[in-house]
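Participant: Straight out of TrEMBL:
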DOMAIN    37-176  domain 'AAA+ ATPase'
BINDING   GLY45, PRO46, ALA47, GLY48, THR49, GLY50, LYS51, THR52  ATP binding site
REGION    483-530  region 'Disordered'
COMPBIAS  491-522  compositional bias 'Basic and acidic residues'
Amino acid sequence: MLWVDKYRPKTFKEVVGNNKQKKVIEDWLQSWQDGNPQKPLLLIGPAGTGKTTIAHIIANEFSEYIELNASDKRSQDVLMSTIGESATTKSLFGENKKLIIMDEVDGIHGTNDRGGTSALNKIIKNSKQPIVMMANDFYSNKLTTIKKNAQVIKMDKIRAPTINKFLRDVVLKNEGIEVDPDVLMKLSKRSSGDLRSAINTLQALVENGGELTEETLDTTGQKDNTATVIDTVTRVLKSTNAINVKRSLRENNEDPTLVMEYIAENIPREYEDNKEIKDAYEMISKADLFFGRARSSRNYGYWRYASDFMGPGVALSKKQTYKKFTRVTGPMAFTLMGRTRGQRALRDRIAAKMEEKMHVSLQVAYTIFPYFEIMFEDDVTAWQISDFLELEEDEIKRFRKKKIPKKVITAMEKVKAEMREEEKEEWRNSIKKGIFANVPSEADLADNNLNKNLIDEDYIEDITIKEDLNNISDDELDEIANEFSLKPSKSRLDKGKNDADNEEKKDKDEDKKEKTEEKLEKGQTTLFSF
C-alpha cells in the first residue's frame, strides 16, 4: 500500500500546514451544515499542499458527492450534463446537500474548447449545492471570472520543518524505521513544499533496501527545489535578506534576463517610496549593463554580477517590507510583442519578397520601408512596386491605407500586356535570326541523305532553357518553329561548328608559323654578325 494513501488525513486536525486556511474552510463547511449557502470554494495552490485531501474530508460530511476532473471533460455540454443538473437541483434525499468536487479547473478549456468556462460560471452562479474546486495556478487567466464568483483559498507550500516533523513523528514512527535526521531534513527541503512528493520519495528509498543516506537520496528522481519566476520575483520584492534572495535566483532555471524583466516590471507595483523605486531601477540598469557585456564578449561570468544587482541590489533598495498583496505580472514589452505579432509577420513577409526580387538583405529591406511609404502615395508607382514584388492586398495596406483605384489597375495591366507582346515579338525575331539562321537547304539535306522532317527535340530543349527565352512559352516556341518547313538538324549544326573551329585553328597555326619564321630570320642575322 502506498504510504501517501495509508497516512492520508481523515480530519482537518490531521491536515499538515495551512492552519489559517483550514479555519476558513471549516467555517465555510459549518455554514452549509447550518443551512446558510455559501459561494463555491476555490482551493488554489501547488501540488502536495492538501487541496484534494481537504476536498475529500469535506465530502465525508455529506451523504452524496460528485467528483469530476475538469481538464478531462471540458466541453460545455459535458459540464452541463455531468454536474449542471446536480448543482441546480435538490438532492434525491430531501434536504441533504450534494457536494460537487471539481479538480484542475484551471484546465477547464483549451484552444478548441472555449465553452467550458462559461458553462462553469453559469453553474457557479445558479448553484443550490456546495461546490469545491481545485486549481494549481493562482495567476491563470482562465480563473479570472471564476475567482470573482467563488471564495478563494490560497494554499501555501508546506514548510520544510513541518514536512520533516510529519515524516519523523507519523510515517517513520509507525513504520518502525530510523533515518539520519540530517538526511531526513535534506529530503524535506528538497520536496519544495510538496508533502506528497516527500512521502513517496521516502517510501521508495526505504523499500529499495539499504541505508538511507545523502548519497542514496541524491540518486532519486525527487524534484529539485526549483523556483518559478513568480516565486523568485516575489522573494526579491518582499525580502530584505540578501542570502535568501540569491538562493532563490540560483534555484530558478529561467533565463536570468527574463527574471530581470519581471522584476523591473513589478518594482513600482510593490515599492511605494519614490527613492526606493529610483534606487531599485538603478540596480536594474547596472544588471542590464552586465548582461550586455556578457552577450558582447561571450563571457558569461558577468552574469553573477548582474544577478547581484537585480536580486540583492533591488531587494535592499527598500527601507521596509510591504505587507500588501501584489500580483506579479509579466513584462509589458512581452504583451506589446504579442499584440504586434501579426504586424511583424506581415513585415517579414514583405521583406522576404524584397530580398528575393531586389537582391538585398532583410536588414536593408527593412530600411527601404519608409521610402516605400512615400512612393506608395502615387497610384501608378504603388501598382508598379506591388506588381513587381507580387504583394498581396494586406501587404499593400502596410504602405498605404486606401486601395489602388481600379481604373489605374486596369490601365496599367493593359500597358503591361502591350509591353509583353512587344517583348514576345522581339524574342520571336531573335529566334528566327538566331536558331534558324543555319537551317540546311533541301539540296543540302538531299546531298547528305538527311530527313528533312527530322525534329531534333534535344536541340530545341537546349535552346529553350536559355535565360533570354524564359518568357517564351512552349506553345509560342512551337508556333515559331512551325513557320519553317524544316527544323534544325543538330548533326548539321554541330558539323558547321566543327568546321568553323577547324578554320580558326588553322588560322592560328599559320600565324604562329609566320612568327616563328620571323624569329628564326632575326636569329640568323644576329648570329652572322659575330
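Start at 1 and count along the chain as shown; that gives each residue its number.
Glycine too: its Cβ is placed from the backbone N, Cα and C atoms.
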Participant: Give me the long-range Cβ neighbours of THR49 (ATP binding site): same chain, 6+ apart, Cβ under 8 Å, in sequence order.
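Facilitator: The list for THR49 (ATP binding site) reads GLY17, ASN18, MET155, ASP156, LYS157, ILE158, GLY193, ASP194, LEU195, given in order along the sequence.
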Participant: Between GLY45, PRO46, GLY48, which of the binding-site residues has the fewest other CB atoms within 10 angstroms in the structure shown?
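Facilitator: Result for the binding-site residues GLY45, PRO46, GLY48: minimum number of other Cβ atoms within 10 Å at PRO46.
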Participant: Could you name the residues, excluding GLY45, PRO46, ALA47, GLY48, THR49, GLY50, LYS51, THR52, of the same chain that surround the ATP site, i.e. Cβ within 8 Å of the Cβ centre of those residues, in sequence order?
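Facilitator: The answer, listed by sequence position, is LEU43, MET134, ASN136, MET155, ASP194, ARG196.
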Participant: How does the model score the domain 'AAA+ ATPase' (37-176) in terms of mean pLDDT?
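Facilitator: Looking only at the domain 'AAA+ ATPase' (37-176), pLDDT averages out to 78.
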Participant: So of GLY50, LYS51, THR52, which of the binding-site residues has the fewest other Cβ atoms within 10 Å around its own Cβ?
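Facilitator: Sparsest of the binding-site residues GLY50, LYS51, THR52 by Cβ contacts within 10 Å: THR52.
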Participant: List the same-chain residues at least 6 positions away in sequence whose Cβ sits under 8 Å from the Cβ of ALA47 (ATP binding site), in sequence order, or say none.
Facilitator: ASN136, ASP194, ARG196, SER197
